[in-house]
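What follows is a short report on a single structure.
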């Protein structure tokens, strides 16, 4: 909020909505819709996560959706009073960092794809995908949260701009992380397809399942929409607090709210618990992580052991 309007606390002829940072009164129907949608997804994410014991997936997705929900409450407060600093603080901080938590649930899937179809097609060990990208995500969250706090607490334009710049750094870092994830994931699946004749019967069965293919498409769609949202945020923040993009609610709704809504709906209802059981099978995952073997390697070991037992029987 600019210096000439520091004393503004509500809409008056001297404090018009055009003088606020956004220059508009947030839409009540739109924000109520996205609030309701996020709350429903949070509920179902908890139910599915507990039912199928996908704890880390549930933690990332549910945390992100709840954070998004609180952010939309902040925008509703700004509908009631566009000069509401509490509402502004809530929405600028939480709607910025929420998608980073949602991204974490996407990052987790690549490890399980690698465990299911074989580490030999991957340039990294399966566990490194989780640790690497989650670490990158934490850095992004810290930068965005710090920037949001600085921007929300500052009344001077310079302080607000500093906060915006820190948030921008966090968003750029998130885009870089997403791009890296997309590149490594694409490379892995290209290698699997090129060597599909080497896949075991169980791996072929998984790959042919309609539910698994729907899950794979869903992950791709969620990844794309989150990436679009992050790319939109870069010029929005780079243009400054009263830039043209920041003061256009239609752009925000389409390129931020709708994009994240698509991602959370897909990630919630194309749940790995029933679309990709290998990810939901806690004992299966723990066994493979402990032995360092993926599904195909475990089957190969079992076959070798069976053959060895057969030879011993013949010798007897």
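Backbone N, Cα and C atoms are what each Cβ position is placed from, and that goes for glycine too.
According to TrEMBL, the protein carries these features:
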{"type": "TRANSMEM", "residues": "32-50", "note": "transmembrane segment"}
{"type": "TRANSMEM", "residues": "57-80", "note": "transmembrane segment"}
{"type": "TRANSMEM", "residues": "86-108", "note": "transmembrane segment"}
{"type": "TRANSMEM", "residues": "128-151", "note": "transmembrane segment"}
{"type": "TRANSMEM", "residues": "171-193", "note": "transmembrane segment"}
{"type": "TRANSMEM", "residues": "214-234", "note": "transmembrane segment"}
{"type": "TRANSMEM", "residues": "254-279", "note": "transmembrane segment"}
{"type": "REGION", "residues": "287-316", "note": "region 'Disordered'"}
{"type": "COMPBIAS", "residues": "287-296", "note": "compositional bias 'Basic and acidic residues'"}
{"type": "COMPBIAS", "residues": "306-316", "note": "compositional bias 'Basic and acidic residues'"}
Margin query: For the transmembrane segment (254-279), I need the partner stretch with the highest count of C-beta pairs below 8 angstroms, choosing only from 32-50, 57-80, 128-151, 214-234.
Written below: 214-234
Next item on the list: Using a Cβ distance cut-off of under 8 Å, indicate which of 32-50, 57-80, 128-151, 214-234 has the most pairs with the transmembrane segment (86-108).
Entry: 57-80
Item checked: Contacting positions for the transmembrane segment (128-151) when only residues 6+ beyond its ends and CB under 8 Å are counted -> 89, 92-94, 96-97, 100-101, 103-104, 107-108, 110-111, 114, 159-160, 162-171, 173-174, 176-177, 180-181, 184, 241
